[in-house]
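Before any comments, here is the structure.
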Amino acid sequence: MHSVDIQNVFRFENNCLTLSYAATEADSVSSKPFEQRALLAESRRQEVLLLDNEIVFNEAIIEEREQGIQEIQQQIGQVNEIFKDLAVLVNDQGIVIDDINSHIENSHAATLQAKSQLKKAAKTQKSNSSLMCLLLVIFGIILLILIIVVAA
């Protein structure tokens with residue numbers, strides 16, 4: 001219910017009370033002395049004023065609560081935006097983590113391949129040095145044979 005509707009209800013109730021008091025006063029006018037009627041009328045006016053004050057107070061409370069509700073709605077909207085931003089950040093970080101994982105796997109594969117190539121290079125180097133030694137020995141023998149043949 002909106003505050004305008006509530007205000008209309010309070011005013012209607014106030015008017016009904018005022019009419020009720022007026023009807024009661026009209027009935028009692030003829031049977032009571034003037035002072036009693038004046039006191040009764042003043043008492044009823046004070047009651048109406050009290051009711052009016054209570055209505056004003058209640059309307060102020062309703063307005064304050066409406067403002068509070070609007071503030072809460074605004075804050076909920078802000079929290080919603082924060083959660084959306086957080087979801088985007090989490091998604092972006094998930095992509096970055098996936099990229100890092102992919103790079104780690106690629107590095108692991110490249111490392112295994114490099115290790116295999118180093119083993120082959122070591123074998124080739126060993127083989128080449130053995131071959132070089134063998135060639136030096138053969139060259140030395142041939143040289144020795146040549147020196148013997150030329151000296152003889």
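In case you wondered, yes, glycine gets a Cβ from its N, Cα and C as well.
As annotated by TrEMBL, domain 'T-SNARE coiled-coil homology' applies to 59-121. Among the features that TrEMBL reports, transmembrane segment is placed at 129-151.
Looking at the domain 'T-SNARE coiled-coil homology' (59-121) alone, the prediction's average pLDDT is 93.
For the domain 'T-SNARE coiled-coil homology' (59-121), residue counts in helix, strand and coil come to 63 helix, 0 strand, 0 coil, using DSSP.
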